[in-house]
Amino acid sequence: MMSQTLTLCCLGLVACVYGNTVSTNDTACPTFCPSIYKPVCGTDGQNFKEFASTCNLLSHNCRRERNSVQAYAATDAAWCSSEFVENLHEKLGNFKLEVKECFKPCSMIYQPVCITNGKYRAELANSCLLENFNCALQVSGAQPAELFRLLREEKC
């Protein structure tokens, strides 16, 4: 009885390990993932895609790698959930940017940054402008959740 229990435990462990690995050879890619929605954003360096879970991301990558296609790497969820806008100031209703208490001198050096508030994603000329932008948003009545944060220190 003890050896049967041990055998079943070992088989269960092997099945668990096998089911959670990503295969790049001729064995089948894992196709079963738990029905738990815990979204993960992935990027292949050019595109962004939202997956229902990490398991779904791994399964998708297994199939992509077999076809010699770049795999997706998990990244900040804002890449998948936010809309890229060209003119953020206009999109937010043209609030007043020239607010005296928000004025902070920023260099004229162009070092683009990508920012997001979870809903919108945009580019600013540099990170100093992000502070001025958020201050002006707060003065205009924006809630803390509506403020922007740095997504990456380069173009979106």
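Keep in mind that glycine also has a Cβ here, set from the backbone N, Cα and C atoms.
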Response to the item:
Candidates Cys62, Cys80, Cys102; Swiss-Prot says the disulfide mate of Cys135 is Cys102
Worksheet item: When you check Swiss-Prot, which of Cys80, Cys128 turns out to share a disulphide bond with Cys106?
Response: Cys128
Item to complete: From the candidates Cys55, Cys62, Cys80, Cys114, select the one that Swiss-Prot records as forming a disulfide bond with Cys29.
Response: Cys62
Practice prompt. Please name the cysteine among Cys16, Cys41, Cys55 that Swiss-Prot pairs with Cys33 through a disulfide bond.
Written response: Cys55
Item to complete: Fill in the CA-CA distance, Cys33 (disulfide bond) to Cys62 (disulfide bond), as an integer in Å.
Response: 13
Worksheet item: To the nearest whole angstrom, what is the C-alpha distance linking Cys135 (disulfide bond) and Cys156 (disulfide bond)?
Response: 22
Discussion item. Per DSSP, what is the helix/strand/coil residue tally across the domain 'Kazal-like 2' (96-156)?
Written reply: 19 helix, 13 strand, 29 coil
Worksheet item: Over the domain 'Kazal-like 1' (23-81), what is the model's average pLDDT?
Response: 83
Item to complete: Report the DSSP secondary-structure composition of the domain 'Kazal-like 1' (23-81) as helix, strand and coil residue counts.
Response: 17 helix, 11 strand, 31 coil
